[in-house]
Each structure stands twice: as C-alpha cells, then as structure tokens.
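Novice: Below are the features I grabbed from Swiss-Prot:
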| type | residues | note |
| --- | --- | --- |
| BINDING | Gly9, Cys10, Ser11, Gly12, Arg13, Met14, Gly98, Thr99, Thr100, Ala122, Pro123, Asn124, Thr125 | NAD(+) binding site |
| BINDING | Arg36 | NADP(+) binding site |
| ACT_SITE | His155 | active site, proton donor/acceptor |
| BINDING | His156, Gly165, Thr166 | (S)-2,3,4,5-tetrahydrodipicolinate binding site |
| ACT_SITE | Lys159 | active site, proton donor |
Amino acid sequence: MKVKVAILGCSGRMGRNLIQAAHEHASIELVGGSVRTSSSFVDFDLGELAGIGAIGIKTSTTLAQLATADVFIDFTSIETTLENLTWCNENKKALVIGTTGFSDEQVQVIEQAGKTMSVILAPNTSVGVNLMFKLLQVTAKAIGDYTDIEIFEAHHRFKKDAPSGTAVKMGQVIADTLGRDLNKVAVYGREGITGERDRETIGFATVRAGDIVGEHTAFFADLGERLEITHKASSRMTFALGAMRAAFWLKDADAGFYDMQDVLGLKD
C-alpha cells in the first residue's frame, strides 16, 4: 500500500526536488503541497512547479487542505515548522522534519511532541551522511581522545544557518561518544592570537559560496597522521530520496521522536 505524502513549503529549492521524488517513488502517493498565501505559486500545478510537467495536483495554502496525507514532509523555516508540528500533532499526522537551525529548547518541543505523534527530526536525510554519523561514532570511540577534532562544512550562498545542522549533528555525535558537552567544547571559528589548542575542543569551520549543495568533513588529526571522513552531495535529490525513505518508514511507526539512524536501522 502506498503512503500518502504532502510536501510543506513545496515552492523552494528543496520542495521542488521533494515533489519530483514523491511523484516518481513507487511506494509514495503525492497528495499535495503547501505554499504561503502570499506566494505567486498559489493554485499552481505541483508538477509544473517542479519542472516535470503537469500532474493534476494544485498547491494548497493550509494544512487542512492536505488532510488526506498520512505523512507530511517539512523543509520550511523554524517558525513555520513548529506551527506545522502543532497542527500535525493535533490531527494525528506523522511528520518528517528536514528544517535545520533549531535551538536546544525548540528541539525539546519537537521531542515532547513525539510522546503523542510520530516525528522524525533529520538535519540531513541523505543515506550517506547518516552512515557517516555512524563512522564518526566508531572513529571517535577508537581515537577521539588522542586526536584534535575539527569539522568543516561548505554550502551555497543562500543557506541561512551556520554551521549547518549536519555539522552540528556531527559534533554532537562525536561529543556524545567521548562524554563531552558540545556546548562547552565547541569552537566556532578562530581569529587573532588564540594560543595553543585545547585538546578537548571540537572546532567548526564554515564556507558559504556559489551553488555548493553540501560538503562535510571531520578531521581526526594527530602528530604525523590524520584521518578525514568526508561526504559530498552533488544533488538535492539525494536528500529528497532520503526523505521519501523516512516517510515510508514512519507510516508504520508508533508515536515517538526519531531520526534517520532509526530509519536506516543504525541505532545500537
């Protein structure tokens, strides 16, 4: 049986990829997508919006118009996502969240919602990136206490948050594995005379340029050698296909707060 999916914020770069991925997925039935009431794409065909030709499904301006969906996929903004979370919880709908930049308090709100609804919070829905998280856990356990750890990320000029949600998640995975508090050991950029490096810190470096889809590298550096774990995305369709996989998995999930590690069966 196909899963009925609605795309929230479907007129953006990611939203258009999600439309195409959902329309072409054998196990997904695309039932609609939302845009803001002020959007120039109100009552617009989703297929035309995504550049794949008309598919006979028009954009909506409210979630209530998409109530036939089983699972909603949200790559909008922090404020909009939290509003959509409330609606989905009240209407017993599952939600895949790809929006990034949430504060710790906002993540707690999403986690709390997971007590009464099924929700996935995934700063990156790429299968490769989530395998990388697992590799980081293994690497940190083996050599994390003996190396200097730095995280580098690069994205397109239009990305609004920095460092990326994926980079923060990388740091969180490493810090948790090593028993460190990321809020205390994270260093976001360096300038001037910084002195010798504190061995327990985890550094973050950010690039915003051109049309870079997404690049992430974790460095585990010692004197004489270093290990680099890198993921590079060349197409947003990678994230869209991962989101479809998450939506299909979520349809049978009990109420809970999940991530892509659950979807891929990578949890210990």
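Indices start at 1 and increase along the chain as displayed.
Heads up, the Cβ atoms here are built off N, Cα and C, so glycines get one too.
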Novice: In whole Å, note down how far the CA of Gly165 ((S)-2,3,4,5-tetrahydrodipicolinate binding site) lies from the CA of Thr100 (NAD(+) binding site).
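Specialist: One finds 5 Å between the Cα atoms of these residues.
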Novice: Would you count the other C-beta atoms found within 10 angstroms of the C-beta of the residue listed as 'active site, proton donor' for me?
Specialist: 16
Novice: So, three-state DSSP: helix, strand or coil for Gly9 (NAD(+) binding site)?
Specialist: coil
Novice: Take the C-alpha atoms of His156 ((S)-2,3,4,5-tetrahydrodipicolinate binding site) and Arg13 (NAD(+) binding site) and report the distance between them in angstrom, rounded.
Specialist: 12
Novice: Relative to the mean position of the Cβ atoms of His156, Gly165, Thr166, the recorded (S)-2,3,4,5-tetrahydrodipicolinate site, which additional same-chain residues have Cβ within 8 Å?
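Specialist: Close Cβ neighbours, site residues excluded: Thr100, Pro123, Asn124, Glu153, His155, Lys159, Asp161, Ser164, Ala167, Gly214.
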Novice: Including all protein chains shown, what's the count of other C-beta atoms within 10 A of the C-beta of Ser11 (NAD(+) binding site)?
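Specialist: There are 21 such Cβ atoms around Ser11 (NAD(+) binding site).
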Novice: Compare all C-alpha positions of Gly9, Cys10, Ser11, Gly12, Arg13, Met14, Gly98, Thr99, Thr100, Ala122, Pro123, Asn124, Thr125, the record's NAD(+) binders, and send over the largest distance in angstrom.
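Specialist: That value is 20 Å for the farthest Cα pair.
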Novice: Which of the binding-site residues Gly9, Arg36, Pro123, Gly165 has its Cα nearest to the Cα of the residue listed as 'active site, proton donor'?
Specialist: Gly165
Novice: When you put Thr166 ((S)-2,3,4,5-tetrahydrodipicolinate binding site) at the centre and draw a 10 Å sphere around its Cα, which of the binding-site residues Gly9, Ser11, Arg13, Arg36, Pro123 have their Cα inside it?
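Specialist: Taking Gly9, Ser11, Arg13, Arg36, Pro123 one by one, the ones whose Cα falls within 10 Å of Thr166 ((S)-2,3,4,5-tetrahydrodipicolinate binding site) are Pro123.
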Novice: In Å, rounded, how far does the Cα of Ser11 (NAD(+) binding site) sit from the Cα of Arg36 (NADP(+) binding site)?
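Specialist: Answer for this pair: 9 Å between alpha carbons.
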